[in-house]
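Asks: TrEMBL lists these features:
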ACT_SITE  S234  active site, nucleophile
ACT_SITE  H299  active site
DOMAIN    166-315  domain 'Peptidase S54 rhomboid'
TRANSMEM  120-139  transmembrane segment
TRANSMEM  170-191  transmembrane segment
TRANSMEM  203-223  transmembrane segment
TRANSMEM  235-254  transmembrane segment
TRANSMEM  261-283  transmembrane segment
TRANSMEM  295-314  transmembrane segment
TRANSMEM  326-347  transmembrane segment
Amino acid sequence: QLDPENTGFIGVETFASLVHSHELPLDPAKLDMLVALAQGNDEGQVCYQELVDLISSKRSSSFKRAIANGQRALPRDVLLDETGLGIYKRFVRYVAYEILPCEMDRRWYFYQHRTCPPPVFMAAVTLTQIIVFLCYGARLNKWVLQTYHPEYMKSPLVYHPGHRARAWRFLTYMFMHVGLEQLGFNALLQLMIGVPLEMVHGILRISFLYLAGVLAGSLTVSITDMRAPLVGGSGGVYALCSAHLANVVMNWAGMRCPYKLLRMVLALVCMSSEVGRAVWLRFSPPLPASGPQPSFMAHLAGAIVGISMGLTILRSYEESLQDQCGWWVLLLSYGTFLLFAVFWNIFAYDLL
């Protein structure tokens, strides 16, 4: 009746009168967004498909632009003003302000957030790392500098250039750690940064970013530090942290997390200290060892992956990565690096 020519569009005034004259069972937040979408349309029309996308919790880039360029701001445009929230909803709001730089994105995430699926990837990885560490600690009766124990490096999980033919080691080394300090640092960052990122961006994006950092770490070590073993999940951790920190810097004015400058400085100091400690253990070990100590190159490789590929992932909240040219360029670059590293591990060791 409202669109007799079946064009897929109706006028703004018609749409507004329809919304206000009918008691539609709509979420109040979505109703606010619908009205803002109607008033922000340059052609004075509302697209049926955008209406369907909003009702089904799918947001297109055109809808985002319509809201951002609308003739009025969304009502209650400060999410912190929401009162009467339960503990979990307050935590979701906290995550929104920690991760997202735009108030519209924060409100959209807050209202459409669902508890299923939960952020299980980072929690599962951290729990597995703790269990593996406890098993080896109890077995070797050693809880610090475990790599100095001769039996530790015989683990089938540790990456070592001499065992590069066993391809699973390029990933499974992330479950092994030098000692309590490294495990505690990685576990803390994975839970404090990785879990909120997974809640906002989903398990697929964050697991891909984390594993890309882990794989880049082992392959970089195989090229640049050809005799050193590798343990710890620092490649994945630094991919997450560097991507998040870069996203905060790029959107500094829009971020509303408290004490952001102090927290940024503390994060950089902690990460730099961890890298310095890894360099020290690699070249000036405190105890005599039977072989080279674990490499630190995974930290740097993970940071590079996070700043490049990770920043693209985190800046495109709820928008398809496949529609972005920059994403394909970075993915091609990463694929080229993987291909080069694979051939290096096949041929370069024998040649050199």
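Along the chain as shown, the residues are counted starting at 1.
Using the three backbone atoms N, Cα and C, a Cβ is placed for every residue, glycine included.
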Asks: Between the transmembrane segment (120-139) and the transmembrane segment (326-347), are there three or more C-beta pairs closer than 8 Å, counting only pairs 6 or more apart along the chain?
Replies: no
Asks: Least buried of the active-site residues S234, H299, going by other Cβ atoms within 10 Å?
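Replies: Counting other Cβ atoms within 10 Å of each of the active-site residues S234, H299, the minimum falls on H299.
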Asks: What are the DSSP helix, strand and coil residue counts for the domain 'Peptidase S54 rhomboid' (166-315)?
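Replies: Computed counts for the domain 'Peptidase S54 rhomboid' (166-315) are 111 helix, 1 strand, 38 coil.
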Asks: Distance check, please: Cα of the residue listed as 'active site' against Cα of S234 (active site, nucleophile), rounded to an integer number of angstrom.
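Replies: Distance between the two Cα atoms comes out at 6 Å.
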Asks: By a Cβ-Cβ criterion of under 8 Å, what residues six or more beyond either terminus of the transmembrane segment (203-223) are in contact with it?
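Replies: Answer is 117, 119-122, 125, 159, 161, 164, 169-171, 173-174, 194, 197, 230, 233-240, 243, 295, 297-302, 304-306, 309-310, 313, 321, 334, 337-338, 341-342, 344-345, 348.
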Asks: Cβ under 8 Å to the transmembrane segment (295-314), counting only same-chain residues 6 or more beyond its ends: which ones?
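Replies: For the transmembrane segment (295-314), the list is 99, 197, 201, 205, 208-209, 212-214, 216-221, 224-225, 228-230, 232, 234-244, 246-247, 250, 271, 274-275, 278-279, 281-282, 321, 324, 326-327, 330-331, 333-334.
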